[in-house]
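Residues or ranges marked as transmembrane segment in Swiss-Prot: 19-39, 350-370, 372-392, 399-419, 443-463, 475-495, 541-561, 872-892, 893-913, 914-934, 971-991, 1001-1021.
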């Protein structure tokens, strides 16, 4: 029954009074929050994780035919010197291989990517004069992290057209359109077969005519030009000049006259074969074991994956229409599918958590009107949070949805506390309005203290450093906003609805089930009362249990295995293939094709794309890349951790290769794609030091059971033909070293000697020795040089050739020579143990002090997170102590409240150990949240005890005993609500479940143990501090949190 209009309005109500007395205004305010949240929800972007990336730029310079030494000294070093002067540069790594220089620049998180781009462009401009004059392509930079897997992989094939023709269509009609899409950072063509005219020189035939390869190169270059010719400007007309100065086809080049001998023309066809082919014949790609042009689309750092991929996919129908009917485009991999599936799973878990929480409320209250009130408050608080997320620039992702799922148990707590207190006054005979005002007035500041002390726990998360801190900022802020909105709803809508929906009649109206539940609950309260009296009579035992819990928490923290992030199953695997270092391209291509064919036999594999050849990603001819797309999780027999060993067993049947596989993760911290999950870099002053110590360290680590798949990118057994020119002999013949270099480059470097210009694209003319004359060292015997008198001189007459071993790639870290090793952690061991083992191995082999070891990517982030873990937890405790001390005006009572924390720590750590989980970053977040949850029990007890002492003059013993019994029901309800809110995360099985399970396990384990212990330890500690204060003659009574 509500108050009649003529009845005087009761006093009280605290901050809720206005909202209780103005139900229409309160209802409209809540509707506004609801609508704002719904509108924001539809506008929020979707992603796997918060968009947090280091500003990263990759600079690629191609120099076909150059050795790693030449690439490093002529291209990489000049560029590095300029890049090293840029402000905000955090790390610079480079890889100089045969024909390609790749420099990766990682900037500080605080630097905007556009600013970094301007600095890079300026540095490239400054280095231009220092680069080789015959460099066929200028340095090209891309706003992309090379370690970030493609968001889309497309395959383009044709039964009617050759691959060079398909490549030309892709370059002119597809790749440029995709690159124009907002958020796309880089579009690469794997297996690129750009059309070109290939001139394959017959050295012996040219020498017979007395022609050197340099003479032929000059003749071709001079015969194909595209330069301005001016115009004629007469009295009445203007005429533009043009000429047939370009040769556009292989046929035209065959008929090119390169010289005259005895008055007769020497055609190019007489001394070379000329054909229409590919610019680089040492590149190949396959899509599901069929030759193809594979398009990899990578996003810019910070770009939304789903928005970018959707924009690209939306263009595919139009792009297909622009291609001939024989050219087919297929999507091999779409990363958004697993991201959408993962987010969808978390949404379902969120809805399940809400349903479980409402069910718990009904079981405790056994009253539909009373259940309806928190049933409205929970979704309203969660939906309202979306509005704040939109204005803060957040996205709907795994972490923000996890925060909302956990918040389900938090936000209902406030409503439960308010409803339970108002019901108590109704049972005591107060009419609904009076009960609402009195109950809300009594509990209002308790709600405020609960809210601010819980938000205080989240404050340290906002100050976590580096990329991990940025990652969890959205999680912490989303959870804090949900808690804050919940407090507002509980102080406004909840008491207003109680005044209108609850009545003494509704409380008395109970069925048999309700009566049976109530009897059982009364027995439970009575049993708790007896156990509590026993604990209060034997305080030393209870205090001993509390101290033992604290000690056990410390012990468990020290011994529990520690990790970084759980390994996710995103249905995508990246593979790196390595063969013997001296393998030829054709042999490597055949093994890669065989491997692709073998992997496709696995029933859980949906598609395989494979690539070999040297480009901006692949460092050497003996390496290749794989991208393996698995079937959706629901359609597979096994999860990814079981599939990988199976695929490696299939690869073992293909002889002469090593295959390294690692699952693609949502969070990419590395800057270079590696063979294993955890990389570290050895940096030295010279390549000789690396040659000595890298194999030793790798061999030592390979023997350790704490690491597996130990490997390095150090390759120094490639075959090198060292041409030792007798300079004296060459000088007598009038042959310069430049002539020798040009002859070798013209023969074996796939030298780009001229450019064919068209309206839509540019094509190159490639000069090389005939393929049959490139089969070994004997090919050098067919090289001729032109002496000063015009005679043809064999290279062998002035030079000797020595076969040596050399490096296939030269790597730098911050301009110093380096080698990167990487490893995986076997089951039963942790990343913490593996890192300790690496440090021990380094000391054991006696590595010099001037060689430095730098952990990279995930290993580096783990070390940073591990170092800050204890400080993070301590900061959360200190923040909570300060807030509670201010609210209670006491130095003692916050300590009583914080004494509940060790029990939560024991429960969380034990749960992790029992389930076989490591204490990783996600689990640490769970422990920090537990700090905020479990202290609610103590706050509700102490707040009521202090109020009883102050207003009723009760003794501390009687006050805390009464407070424990009065608050037992809401304590049990709130704990069960939080526990069931975390339960869906604990038992999560969908895509990306590995990321969510540790959080749920921590929450459930910590809540169960803390619920059992704190009901007894908190009142005992409260009385112990009271006695201590009385014995020291200090005032003990703080004030309730008002």
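Residue 1 is the first one shown; counting continues down the chain.
Just so it is clear, glycine is given a Cβ too, placed from its N, Cα and C backbone atoms.
For the transmembrane segment (541-561), the partner stretch with the most Cβ pairs below 8 Å, chosen from 443-463, 475-495, 914-934, is 914-934. Here the transmembrane segment (475-495) does not lie next to the transmembrane segment (350-370) in space: the count of CB pairs under 8 Å, restricted to residues six or more apart, is fewer than 3.
Stretch with the most C-beta contacts under 8 angstroms to the transmembrane segment (19-39), considering only 350-370, 372-392, 872-892, 893-913, 1001-1021: 372-392. Contact between the transmembrane segment (350-370) and the transmembrane segment (971-991) is present: at least three CB pairs lie under 8 Å, with pairs separated by 6 or more positions in sequence. The transmembrane segment (971-991) shares the most Cβ pairs under 8 Å with 399-419, out of the stretches 399-419, 443-463, 893-913, 914-934, 1001-1021. Listed by sequence, the residues of this chain that lie at least six past the ends of the transmembrane segment (893-913) yet keep a Cβ under 8 A from its Cβ atoms are 453, 546, 549-550, 552-553, 556-557, 560, 877, 880-881, 884-885, 919, 923, 926-927, 930-931, 933-935, 937-939, 942, 946, 998, 1001-1010, 1012-1014, 1017-1018, 1021-1022, 1025, 1038. Pairs of Cβ atoms less than 8 Å apart link the transmembrane segment (443-463) most often to 872-892, out of 399-419, 872-892, 914-934, 1001-1021. Taking every recorded stretch in 399-419, 872-892, 1001-1021 and counting its Cβ pairs under 8 Å to the transmembrane segment (914-934), the highest total belongs to 1001-1021. Nonlocal intrachain contacts for the transmembrane segment (399-419), taken as residues 6+ away from its ends with a CB within less than 8 angstroms of a stretch CB, comprise 49-50, 343, 346-347, 349-350, 353-354, 357, 361, 364-365, 370, 373-374, 377-378, 381-382, 385, 389, 439-440, 443, 446-447, 450-451, 454, 471-472, 474-476, 478-479, 482-483, 485-487, 489-491, 494-495, 498, 502, 929, 932-933, 936, 940, 970, 973-974, 977-982, 984-985, 996, 999, 1003. Remote same-chain residues near the transmembrane segment (872-892) are listed as 445, 448-449, 452-453, 456-461, 463-464, 898, 901, 924, 927-928, 931-932, 935, 939, 942, 946, 1025, 1029, 1036, 1038-1041 (criterion: CB distance under 8 Å, separation of at least six residues from the stretch ends).
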